[in-house]
Amino acid sequence: MGPCRGALHPLSLLVQAAALALALAQGTLPAFLPCELQPHGLVNCNWLFLKSVPRFSAAAPRGNVTSLSLYSNRIHHLHDYDFVHFVHLRRLNLKWNCPPASLSPMHFPCHMTIEPNTFLAVPTLEDLNLSYNSITTVPALPSSLVSLSLSRTNILVLDPATLAGLYALRFLFLDGNCYYKNPCQQALQVAPGALLGLGNLTHLSLKYNNLTVVPRGLPPSLEYLLLSYNHIITLAPEDLANLTALRVLDVGGNCRRCDHARNPCRECPKGFPQLHPNTFGHLSHLEGLVLRDSSLYSLDPRWFHGLGNLMVLDLSENFLYDCITKTKAFYGLARLRRLNLSFNYHKKVSFAHLHLASSFGSLLSLQELDIHGIFFRSLSKTTLQSLAHLPMLQRLHLQLNFISQAQLSIFGAFPGLRYVDLSDNRISGAAEPAAATGEVEADCGERVWPQSRDLALGPLGTPGSEAFMPSCRTLNFTLDLSRNNLVTVQPEMFVRLARLQCLGLSHNSISQAVNGSQFVPLSNLRVLDLSHNKLDLYHGRSFTELPRLEALDLSYNSQPFSMRGVGHNLSFVAQLPALRYLSLAHNGIHSRVSQQLRSASLRALDFSGNTLSQMWAEGDLYLRFFQGLRSLVQLDLSQNRLHTLLPRNLDNLPKSLRLLRLRDNYLAFFNWSSLALLPKLEALDLAGNQLKALSNGSLPNGTQLQRLDLSGNSIGFVVPSFFALAVRLRELNLSANALKTVEPSWFGSLAGALKVLDVTANPLHCACGATFVDFLLEVQAAVPGLPSRVKCGSPGQLQGRSIFAQDLRLCLDEALSWVCFSLSLLAVALSLAVPMLHQLCGWDLWYCFHLCLAWLPRRGRRRGVDALAYDAFVVFDKAQSSVADWVYNELRVQLEERRGRRALRLCLEERDWVPGKTLFENLWASVYSSRKTLFVLARTDRVSGLLRASFLLAQQRLLEDRKDVVVLVILCPDAHRSRYVRLRQRLCRQSVLLWPHQPSGQRSFWAQLGTALTRDNRHFYNQNFCRGPTTA
């Protein structure tokens, strides 16, 4: 809505730019538009599709900026002056602005140009990230640089002059400059001694560069050297000469095992890799060594001589399946803490048993052992016999080995063991002790091996989508048996596992009826995960053998609940004295269950994904289903197909509730006053429902509500002061709704206390003079993503753009734009017409001018009537509450508050009538002091009382003044309209308006009503029938 569109378009752009600059200079808008200032001096400009570095205002506190992130934009040219004003800039991120064509999503060619002094102008710069940019040379860099990332670029040559002068540099990343995703004609060329001048360099990463040898002349200060996934197939002591300070060396993936590769792979030549016995002997400070994916068939003990400080050794994805059972290479690694031997399987072979070599017993400091993907079918005492005396062993990974027989009791002999992962196997029940035979069984055909990245499973308690269940990471002993073939659970499985505290049995096929005897040996169990099974909850003593059970996950056990006619008993919950967390989510519970849950200890219940709507529809049968949970603090009722939530439903929830989730239901109405029935409620989640307005009341006074999530609804209207009484409210999420504005009247004095006010993803109407801009600027510290993620939904030219694309407070409105255009057009027309008319008919014009001059005084006297006080007198039946509500909350708001400068003056009985005057005096004054008389009718068949009297006065005014002032608004159009209405529709259609049923037609209705109230009715009369009333 720029001023004076069309003819003055260049002028409008100038006015807008000047207005925006003025606003920025005054400090009223966010200082770093279009970017966002975040804590710790970070200016975030990520994902803004910028084509150049923003020119921030001189008034912005650029001196306080220490970090600038321009990640994932479209900046292809960096100038000398781009960063000169950031005098304290320390970190600069320019990643993903102009990626090489092969890395670009659309494979578009791109080249980034960096002028010579771009970074030299920032002498304080310490961290620079230029990754994923199409640059071929290293730009000039300041000597203050500490960390430099040039990964996934087109830099293929490093020589001594390239990084000269970077004496403070400690971290250098040059990964992926020449590999299958970023192909080149040759390998990365590192000249001998090219990095030798970097005396403080400690971290060097050259992964994925097609290197065939270790670069010569590396600085002796290096502590981390990463050379994985190149083509270095020989290693000798001279390759790592002088690197005595190395702590981590990664040379994995240089001679790959291609039958387990997840990306393009070059087969390792026969007889390689070749590692000299003394390759690592001089690296006495080495703590981490990675030899994964290196096609190793054996381990030479001499490789590890001198590595007394080695703590982490990764030997995964090799061919060490035989070596594991007899190697002596581990005897000297007394400090080793983590050992990874995963996916050292024999192609097409699965072992019947596995014996770990005796040298494993010398790893006295070993804390974590990963042997998943070896493929052996039986786990017995002899399998882990070598580990029995390791006092520090805490974590053991045995997943994805196709184990079908497992003696779980063997883990009772490991007093320090904290986590055992046996997931993704084929365990079907308890196993008898078996002697090891060492035999192998050949598979019948090729096996498709899963990728290693999908197998690095974390602990059982890794937080997921649901935050109700506690994590197992802090517990002393966790056993994960998820994704196996268990059909039943037998107490014999858990013999000698009394100290087990967390047990995962999810994603099995357990279909038995638990009766209180399945977990008898697990007297200390605190967390039990039985999700994604087929448990039959019939017995009232289920799980009662677990006296210390605190968390029980029974989610996704829907099959028994879907069986028609089968009952389910949940009374066992009352008999678990320590139970605090219970999940019954996604079970489709709808009928034939216990009428009430009872527990004195339960604090969190996840009941999402059920059909509570059907349960509450059964009269009072399940009305008190949750009432017996006296200590309940958190309750999740999401995805329960709720269409309504009656006050009695909330009244029968536990009064101790602090968090209530009602996400993703079908709620189109919510009784806000009923929140008073939950006196301790602090957080309410109503996201993903079908609320269209916040108009029925307001948040009750005295509520303890602190967090309210209303995102993902269709809210388009909020009544004033809706949130004002919730004085403790601090976080409000209104994102992804249909709001066209955000009014300060919604919040009252609460606005300043809000810590989070999320209004992103709303179609805000960015009209000139939009009041929400000033309000959002006042509370901008609480609005996440205000500069870039709060966007306009209309008008069309601003749709999808930031609300600060132009300053909506200083731009001119549309009416003034037309005035500017009309005046300029008139000036041009007069400058052309006046000389021409003067030349052709000057005397005639002089005569007409004086004739009009003599005629004007009479017209002036005739029009010299006092200006009317109101634009319209609104008449309606106050007895009809729905009509009165529409007049006060819709009609008045639209015509008086939302029209800006074109606001109309309405005369309302209860607001504008003068006390002390008679009814008739006020009525007469209202009709004769208003330009129009607006009748708001619910129906047209019966009109009486004040409506009838007002109509007669309006008709009298028609007879006396010859002015038709009647405008009809019919809220509920019916087929049987009065004859007067039908006649008036014939003669003067624009003065009879019908309230549209569809919200999409309301905008047109208000426009028509504004026209009907501001123009004379005689212009609306149908000329085929009459000419309308005329003045004398």
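Yeah, the Cβs are placed from backbone N, Cα and C, and that goes for glycine too.
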Considering the candidates CYS792, CYS811, which is the cysteine that Swiss-Prot reports in a disulfide bond with CYS766?
CYS792
Among the recorded positions listed here, SER104, ASN200, whose Cβ has the fewest other Cβ atoms inside 10 Å?
ASN200
Other than its own, how many Cβ atoms are within 10 Å of the Cβ belonging to ASN701 (N-linked glycosylation site)?
11
Assigned conformation of HIS77 (DNA binding site) - DSSP reduced to three states
strand
For the repeat 'LRR 5' (167-190), the mean pLDDT of the predicted model:
94
Can you check which residue among the binding-site residues PRO99, PRO109 has the largest number of Cβ atoms within 10 Å of its own?
PRO99
Any idea what the Cα distance is from ASN200 (N-linked glycosylation site) over to ASN64 (N-linked glycosylation site), rounded to a whole Å?
28
Cβ under 8 Å, sequence separation of at least 6 from the ends of the repeat 'LRR 20' (602-624): give me the contacting residues as numbers and ranges.
466, 468-469, 555, 573, 579-591, 595-596, 631-643, 648-649, 652, 661, 663
Could you give the residue numbers and ranges of same-chain residues that sit at least 6 residues beyond the repeat 'LRR 5' (167-190) on either side and whose C-beta is under 8 angstroms from one of its C-beta atoms?
100, 102-103, 126, 131, 143-158, 197-212, 215, 226, 229-231, 263-264
